[in-house]
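K.L.:
Below is the structure I would like to discuss, written out as structure tokens.
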Amino acid sequence: MAWTKYQLFLAGLMLVTGSINTLSAKWADNFVAPGCGGSQEHSFQHPFLQAVGMFLGELFCLAAFYLLLCRAAGHPDTSMDPQQPFNPLLFLPPALCDMTATSIMYVALNMTSASSFQMLRGAVIIFTGLFSVTFLGRRLALSQWLGILATIAGLVVVGLADLLSRNDSQHKLSEVITGDLLIIMAQIIVSIQMVLEEKFVYKHNVHPLRAVGTEGLFGFVILSLLLVPMYYIPAGSFSGNPRGTLEDALDAFCQVGRQPLIALALLGNISSIAFFNFAGISVTKELSATTRMVLDSLRTIVIWAVSLTLGWEAFHPLQILGFLILLTGTALYNGLHRLLLSRLSRGRPPAEEGEHERLLGGPRTAINDAS
């Protein structure tokens, strides 16, 4: 069946805004500007402040939800299910996981390439599958176990490509290794977030925009408050500011004032995450969760192509192999092979559980999509 113009628009919006989200964060990291008090020029490395901006973008999803709710009240719309009362504090534990994982990933993005960052996030499949078996009592199909094994193999290949890319002048080898490990560590936390959402939140039938927005509200408020103690906590080699602390928001604002393009990159990060979440949810509703997964994989190609074009990273052929293996693992885990086999046999595509919006095991992005 041919896509409508609206469906094509949603798919394009998800692909573009998802790519902008990662690229704008990496673009901000590449800027060099003086900070406060006449300090020397240094890179804009403020991962926790960038994470605050991401949660602000997620918070806009809550505003979008209430706008849709008001529209549905004035014009009855069957697409808006009646909202049942629930305790918003149910979102606090997942929001804490999202906050921690997002912050770690922004730290890691300062240490490794944007394409590796995007590819290694595929590790979430491994831990989500294992945690769903352990804590939710799910039984994974053989194809899902094969998908997990393929994902592990793909991660090894991508990591090996990073180790062999010694000609990357932007990052030291030790930084790349640390960054890659931090990304994988963050995926463990993202998996815990998804398990918590599945166990305690999903049963309340909360609208996805409301879920994302509520977690964004908690993350924005808590992480904004944490910027105060972070200003005084020494961070050693993990610090990217002249004071050597965990985060220096004042230094970040001074750099933004002296280099307005940083503000443009931050604005791109904030706005893109809001539109990306909205587009992703709409793609799942209008098309399918499988289509969303495919578009998310295409986002990796776009990020990789732009990074190579701008000279942000060096090309290594092993990354192609690693990406293809990761793509195979994702497809197997999400049941895309069954859809392809059905198409080849000219039968009707089976109704998969993954075709509907799910917080666990589906193609939801925590940062993230972040996450």
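From the backbone N, Cα and C atoms, a Cβ is placed for every residue, glycine too.
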K.L.:
To which of the residue ranges 101-119, 120-138 does TrEMBL assign the term transmembrane segment?
P.N.:
120-138
K.L.:
List, by number or range, the same-chain residues at least 6 past the transmembrane segment (216-233) whose CB is under 8 A from its CB atoms?
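P.N.:
For the transmembrane segment (216-233), the far contacts come to 48-49, 51-52, 55-62, 91-92, 95-96, 98-99, 102-103, 245-250.
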K.L.:
Mind checking which residues reach the transmembrane segment (120-138)? Cβ under 8 Å, same chain, six or more beyond either end.
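P.N.:
Same-chain contacts beyond the flanks: 105, 144-145, 147-148, 151-152, 154-155, 158-159, 180, 183-184, 187-188, 190-192, 194-195, 198-199, 326, 329-330, 333, 360-361, 366, 370.
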